Amino acid sequence: MDNKRLYNGNLSNIPEVIDPGITIPIYEEDIRNDTRMNTNARSVRVSDKRGRSSSTSPQKIGSYRTRAGRFSDTLTNLLPSISAKLHHSKKSTPVVVVPPTSSTPDSLNSTTYAPRVSSDSFTVATPLSLQSTTTRTRTRNNTVSSQITASSSLTTDVGNATSANIWSANAESNTSSSPLFDYPLATSYFEPLTRFKSTDNYTLPQTAQLNSFLEKNGNPNIWSSAGNSNTDHLNTPIVNRQRSQSQSTTNRVYTDAPYYQQPAQNYQVQVPPRVPKSTSISPVILDDVDPASINWITANQKVPLVNQISALLPTNTISISNVFPLQPTQQHQQNAVNLTSTSLATLCSQYGKVLSARTLRGLNMALVEFSTVESAICALEALQGKELSKVGAPSTVSFARVLPMYEQPLNVNGFNNTPKQPLLQEQLNHGVLNYQLQQSLQQPELQQQPTSFNQPNLTYCNPTQNLSHLQLSSNENEPYPFPLPPPSLSDSKKDILHTISSFKLEYDHLELNHLLQNALKNKGVSDTNYFGPLPEHNSKVPKRKDTFDAPKLRELRKQFDSNSLSTIEMEQLAIVMLDQLPELSSDYLGNTVIQKLFENSSNIIRDIMLRKCNKYLTSMGVHKNGTWVCQKIIKMANTPRQINLVTSGVSDYCTPLFNDQFGNYVIQGILKFGFPWNSFIFESVLSHFWTIVQNRYGSRAVRACLEADSIITQCQLLTITSLIIVLSPYLATDTNGTLLITWLLDTCTLPNKNLILCDKLVNKNLVKLCCHKLGSLTVLKILNLRGGEEEALSKNKIIHAIFDGPISSDSILFQILDEGNYGPTFIYKVLTSRILDNSVRDEAITKIRQLILNSNINLQSRQLLEEVGLSSAGISPKQSSKNHRKQHPQGFHSPGRARGVSVSSVRSSNSRHNSVIQMNNAGPTPALNFNPAPMSEINSYFNNQQVVYSGNQNQNQNGNSNGLDELNSQFDSFRIANGTNLSLPIVNLPNVSNNNNNYNNSGYSSQMNPLSRSVSHNNNNNTNNYNNNDNDNNNNNNNNNNNNNNNNNNNNNSNNSNNNNNNDTSLYRYRSYGY
């Protein structure tokens, strides 16, 4: 734009002609020198015509849709009246040369570039610029026809307006108060308040509502001819019309044409009554805002998960990290001035109009909202990687979005009476959930917070919880049983050396000392979100002819694919692209071209290219396109010079690369360089071990390094393996860290690894691991190891540590059972698996039963109780051995259904599921007492039950006999010679009822197996009693047997009418096998 004149970096004096069919840019010519200013109008016009004919066609703005031909011909043919007025205005318009102002922009503003909007320019200011006193903005609806016709009706003596200065009247600025500081360079910061003159502005507003709105906000003189007018009238000055206005067909297209074609009138605007949401047009500037008070999302990965989003299109809002407060915040006193957000708004105002600027509490982040998306894009490109708030802490700028908050209607009486809503609805409305730990569960609970009247959004009163630790997996929600963070390298150095010596392998002591010393002195970046410097973007430098844009890159890629370029041409191309090499490496087309150049260039050219981009290898390696170039560079590096250049550019950022999705492949590629080039990788792992292994990608990258046993040295393998064993309790309880424990147990080939690991787990950590859901899986994995002597020894060491020892509250078994989270479940898994031998299992069940009956353990695991033969209800604490052992409560849903043996018991004892004997009685409820039997005498799944009926009844001590031996003998008699067991009938309990007569009426109704006959058995040993056998089925056979020890005794005591019955029925379960 050599021949185009700019007015103080503004295109306000460049009129436009917008026609439905064509769009034509109109420019005004530059004044070549100062002598031409004094020539007459005719000479100026002749010289301008010559200049236009000799110059090339002007560069067109990107927003115009069509090309314009010859400007003069097109303008004359389409709009003759406008062309005449334009030439008339050039004849009578003197050019005013204004020297540059003394105010200069600061260094930061001089290096940044404004967005490409219709009111801004990219041309750098010159020492002598043509400055106009017009308003710096104009609306797009101000067409050329409307502007010229409006200017032709004005005289030069009304105010200070001339025909050349048609946008404003004078240079008097608005002096309305602003809550912020003075921003001389913020040309679009307070546009509605500062760009309109108070008295002599002849440009009509676009809508009448804006005039009324501004007058109601403390500026009554906008667009008003009278300074003391406080009404909502649109007052225009009285002007002299020298000639009639020319009509144009283009005026009919626009809605504002009647305002410019008709005489201005004084009329009152009828505005519907409404209450504006905000009475201030200035941007919202807030410091130390609670992140939960606004509903916002961003693509930055440093924010809490509730505010993260994987992909976000460009928006008008950006999030800036590493924004620290400029002044200390007092706990009991609010800051009088928002210094941080105000300075941030000042900085961002040069890229466009700022609507709001907020700094978030506890996150060191800020949200800046612009009026347009283009302003946000420009600010993101300019501020990316800059040290905005603190030296050494570059800021990461990402797109963000502030979503509307759901606000419930306020309650006059208070906020506690708000109606309850479902949890999912509250989550959608507010987006904040607090997790409260209750034993083993983390139940989500919504924080009900009142609405704040200080901010327009919904705020929260007591935000005390940082949501950055919020995880999605159930294992991650479980807290760590050990104090965090784990011991550092300096604290665990002795343990590492002791573990290395336990392997009893030979290694290089000098290499080990060198590795540990460098790891202790490691000064690499520990921030996993900082990836080093970024290459300069193309938009920040002046555009040159040799810039490689997308069409050129696409053409080069076609030439590479067709092998049409020679080696010399490729090397020449590499030298030409040298300045843009880091930037093109991250381009979706440029990265393929750079890879081809590294593949086909000589070592000298590769060295030159590496020296240019080695400091950007980290930022390239974490980019989805640049990582391919970075891996290609590592693959093609084959000389010591090239290897040194690659390692020097990556060594300081090893930890961020480990934890990145694409950067971890860069580390694995450098690993092949071997010792000593890859030593910095293991030094970084030792120095930042817990930071790396907690990450999803970091733990897998460490495992990949350990599996490359052909590349790494014996010392490096021993050091990392020893550190894994030392921190194994922490790794076993972490979702990503447990991958290294699995590698150690399954893949590692070091001797005695299992025994060394068991010593570390058993020593003071076994109880916490067994009671942790994820940690117990590691213990079970060790117990299920199959192999040689080492695996057996490690398994026995854990089993003896758990089940050996005294039966007391200090034992490991008691502590595991007493833990209400996951400890009983772990014991149940150990008992039901094939880990234990039969003898060890029986001893373990006996010990568990004794602990449960003789201690205060409130065991809630029904499966474990059934596995050891106890009931899941009715176990009272501190039961002595004199009390009888209880069995399952016989409460059934239907009379014909009975509860049977548990599934685990059936599976472990190879028995068939039978129904338990049913009890139906019309008399008092029977009380169940159980006599415990030793494990050696009776199977734990068969229970000797004793039914005693309550009432005015006395137990007959003489009639009781030991039925256990008889039951055992009967079980033995039910075997056939070949060892096959028979299915026995299931006998129901008798229905015992007492009547007014002094005799016992016992009705026996039995239900036989479907394959056997129905038989009722009445057993009586006392011949002095009256026995009445009433059966519902008269066809049943009644057999009187004296085999069982069931005695019905009628004893006469002092109460003549009392009937004392002692029914000592020995109940048992029968072993039942399939037919």
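Just so it is clear, glycine is given a Cβ too, placed from its N, Cα and C backbone atoms.
Per Swiss-Prot, the phosphoserine annotation among the candidates Ser876, Ser894 falls on Ser876. Feature annotation from Swiss-Prot across Ser129, Ser861, Ser872 places phosphoserine at Ser872. Here the candidates are Ser152, Ser198, Ser225, and Swiss-Prot annotates Ser198 as phosphoserine. Per Swiss-Prot, the residue annotated phosphoserine among Ser72, Ser145, Ser950, Ser1012 is Ser72. Cross-referencing 73-92, 93-112, 313-332, 553-572 with Swiss-Prot places the feature region 'Disordered' at 93-112. Away from its own ends, the repeat 'Pumilio 4' (684-719) comes close to residues 485-486, 489, 496, 500, 503, 505-508, 511-512, 515-516, 519-520, 522, 524, 526, 528, 654-655, 658-661, 664, 667-668, 671-672, 674-675, 678, 727, 730-731, 734, 736-737, 739-740, 743, 747-750 of its chain (Cβ-Cβ under 8 Å, at least six residues beyond either end). Mean pLDDT of the predicted structure over the repeat 'Pumilio 5' (722-758): 91.
Taking DSSP states H, G and I as helix and E and B as strand, the repeat 'Pumilio 5' (722-758) has 25 helix, 0 strand, 12 coil. Each residue in the repeat 'Pumilio 4' (684-719) gets a DSSP state, and the totals come to 27 helix, 0 strand, 9 coil.
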